């Protein structure tokens with residue numbers, strides 16, 4: 001787009017060369033140019049912050065405003081052709097001061113201020129707009145809202161005129177200024193009206209012209225309808241005035257340029273003379289014309305947005321509220337700066353967030369290395385970048401947006417921080433558990449000399465130190481969430497829970513080792529007691545030394561052995577548990593579980609001994625000890641004269657008394673079951689469901705079991721007792737019959753006549769042997785050999801050797817016969833037929849010859865492996 005003979009720069013994507021002559025801020029159609037910010041960036045004004053100044057020029061059309069600016073600031077605004085009298089500047093144009101490049105050799109004290117922006121405003125009273133003064137009013141309001149200095153370009157001969165001296169325009173400026181001040185009642189921003197009197201001849205002193213203009217301005221101000229509260233205000237409350245005169249450009253060109261050069265030195269920072277200050281703080285200006293109070297306090301990087309917002313309010317005929325516009329600008333720019341700061345923050349923090357999220361999703365939170373420094377640096381840089389750019393804007397908005405930015409940053413950093421502590425928490429607890437377990441195993445290998453409580457305390461201290469170190473390395477200074485005491489407290493509680501669980505597990509393992517020890521001791525002791533049944537009569541099971549145990553007190557002895565063994569186990573358990581730093585409640589629960597488990601071991605052992613096969617075997621052994629041996633333990637040799645029936649009846653009845661005795665666990669001393677319920681005790685109040693889930697219910701102890709103590713102590717039911725009694729009697733009857741047969745067998749004798757007959761018939765053979773020395777000697781040698789063989793118990797081996805030799809001879813004969821038959825066809829056919837028939841017969845015979853399974857013997861009991869940890873038991 002081309003305007004005023006130059007590129008307006010309103011089209012998107014303009015090249016930087018398009019901005020060499022400035023940029024059209026507002027075109028003749030009242031449209032704001034969105035590329036103003038690009039122009040400021042091109043001129044390197046954006047980073048200047050508050051170090052810039054904005055000047056606007058007013059005046060009638062075709063009065064040389066653009067010419068003045070071009071000569072004064074080195075700009076390239078379009079000027080009117082000398083051959084035509086028409087509008088040249090359309091809308092509002094903006095350009096940066098270029099005079100600095102032309103004045104490098106000037107005095108540094110008199111050089112112009114940096115970053116001076118000049119706005120060339122469309123002239124007033126032009127024929128193109130005619131009586132349409134809407135744009136004049138809007139452009140005046142826009143210039144007043146944005147500019148520090150308003151240059152009024154008038155001719156000397158127009159001073160004293162109303163229209164010619166732009167008094168109508170100035171009245172508009174004053175009116176809109178009052179509107180602005182009415183909205184902004186918290187401050188009173190001032191502006192400088194700089195009157196540049198063109199074609200100044202010097203005939204009328206400049207001071208007189210100045211007085212005339214000030215009189216006209218005061219008169220206009222007095223005629224204004226002022227809002228409430230400003231009735232007594234004066235023009236000097238809001239404006240400062242400066243005046244300068246310039247010779248005719250065409251008639252006095254050299255002098256014109258000299259005066260322009262002098263005028264340019266006034267466009268620099270100045271200050272008020274402290275000696276001339278009045279009660280309102282105003283006074284004469286020294287140095288340059290740019291005072292801090294003129295500046296609108298809009299940072300350079302936000303000027304384009306601010307100007308666009310102001311113009312939007314003006315062009316839409318809305319009340320222009322500069323404080324609101326400044327706040328809106330501050331919000332807009334602070335949001336932009338915040339987003340830019342968050343971009344750099346994202347680049348630094350997003351990789352850590354991604355890693356943490358992946359680790360959490362995988363179920364294995366990971367402690368991220370270098371997270372703390374990255375968080376601190378990212379937060380510091382983001383806040384610093386925001387402060388650098390945003391601190392120039394509205395203070396309240398800046399502080400609010402800074403707080404919002406910090407909230408966003410801290411929300412993400414807090415999530416990372418908590419995630420890091422969560423990962424450190426989980427890994428720390430896991431490492432603590434593994435370290436304790438490893439130390440316990442190492443102690444067990446050294447001979448069970450480890451102190452579990454000391455191991456836990458040491459590893460717990462190391463775990464807490466590591467957690468605190470990780471937490472401190474992740475802290476972010478000045479962050480409200482940067483405190484890990486709550487997480488540390490949770491971590492310590494979790495370590496306590498883990499320690500308690502490890503202690504309970506270790507006590508469970510200790511209880512298991514003690515139970516194995518109890519099982520081993522009870523197994524041996526109970527075996528000895530049941531094996532001693534019947535030894536009271538001095539049979540084969542009688543002890544070699546000491547008193548012979550009574551069968552009636554077997555349960556008393558078993559109970560005493562059981563109680564003593566468990567008491568010893570409890571003592572060992574308590575001593576070892578004290579090294580675990582276990583509480584009294586935990587020890588009570590452990591002892592209670594040990595007693596219940598031990599009773600289960602004893603009951604299982606008794607049930608094993610009371611199995612039908614084992615019990616019948618014990619009854620038979622008991623009966624045979626009483627029947628086959630006398631009271632002195634000497635085996636009986638039955639004779640026909642012995643009273644076998646009486647001995648049999650006594651032994652059988654004595655053995656039958658064992659069945660009811662063994663059927664019920666009852667103490668002979670009290671004739672009642674042992675006090676199992678009192679011995680085990682009540683369930684400890686600290687016991688948990690987990691402590692009871694693996695325990696076998698005990699009748700008379702557990703109310704919900706539904707069995708009484710009497711039923712718990714019943715080992716053999718009535719039906720089983722009757723069956724065992726019948727079967728035992730049959731076994732005893734068999735022993736009795738065998739004894740009876742052996743006694744009767746000794747009564748049979750050879751008749752006497754048989755010896756006479758044998759002597760008569762064998763007389764010739766007797767004489768032959770006696771008369772022949774060889775036969776006699778052979779008979780004598782055979783007799784001696786037979787005697788020696790008998791004395792040496794060699795008849796058995798000789799008979800076996802003979803049988804083996806005969807068997808081998810028979811097998812060898814069969815083999816040779818088979819080879820002979822296989823050599824002929826007839827023999828092979830006969831063998832095949834014989835084999836088929838024999839297979840059938842063997843199958844039938846195998847079914848008939850199957851032996852029934854032997855009655856259940858004593859169950860093999862495998863020796864239980866005892867761990868190295870059981871050595872102390």
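Backbone N, Cα and C define each Cβ position, glycine as well.
Under the heading GTP binding site, Swiss-Prot lists 59, 60, 61, 62, 63, 64, 65, 66. Taking the Cβ of residue 60 (GTP binding site) as centre and 10 Å as the limit, one finds 20 other Cβ atoms among all the protein chains shown.
The annotation coiled coil is assigned in Swiss-Prot to 482-506. Counting residues 6+ beyond its ends, the coiled coil (482-506) has Cβ neighbours under 8 Å at 417-418, 421, 424-425, 428-429, 432-433, 436-437, 440, 452, 456, 460, 463-464, 467-468, 471-472, 475-476, 580-582, 586 in the same chain.
Through the fold, the compositional bias 'Acidic residues' (690-703) approaches residues 589, 593, 596-597, 599-600, 673, 676-677, 680, 683, 709-712 of its own chain, all at least 6 residues removed from its boundaries and within a Cβ separation under 8 Å. If you look up Swiss-Prot, you'll see 690-703 (among others) marked as compositional bias 'Acidic residues'.
The compositional bias 'Basic and acidic residues' annotation in Swiss-Prot covers 839-863.
For 864-873 (among others), the entry in Swiss-Prot reads compositional bias 'Acidic residues'.
Feature annotation from Swiss-Prot assigns region 'Disordered' to 1-20 (among others).
Residues or ranges marked as region 'Disordered' by Swiss-Prot: 677-703 (among others).
Residues annotated as region 'Disordered' in Swiss-Prot: 828-873 (among others).
The topological domain 'Cytoplasmic' feature in Swiss-Prot is assigned to 1-749 (among others).
The topological domain 'Cytoplasmic' feature in Swiss-Prot is assigned to 795-873 (among others). On the 0 to 100 pLDDT scale, the model's mean across the topological domain 'Cytoplasmic' (795-873) is 60.
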Task: Protein Cβ atoms within 10 Å of residue 63 (GTP binding site), excluding its own - done: 21
TODO: Going by DSSP, give the three-state secondary structure for residue 66 (GTP binding site).
DONE: helix
TODO: Please work out which residue of 61, 62, 66 has the most C-beta neighbours within 10 angstroms of its C-beta, and give that one of the binding-site residues.
DONE: 66
Open item on the list: Name the residue among the binding-site residues 59, 64, 65 whose Cβ has the smallest number of other Cβ atoms within 10 Å.
Closed with: 64
TODO: Provide the three-state DSSP residue tally for the region 'Disordered' (677-703): helix first, then strand, then coil.
DONE: 9 helix, 0 strand, 18 coil
Open item on the list: On the three-state reduction of DSSP, what should I expect for residue 61 (GTP binding site)?
Closed with: coil
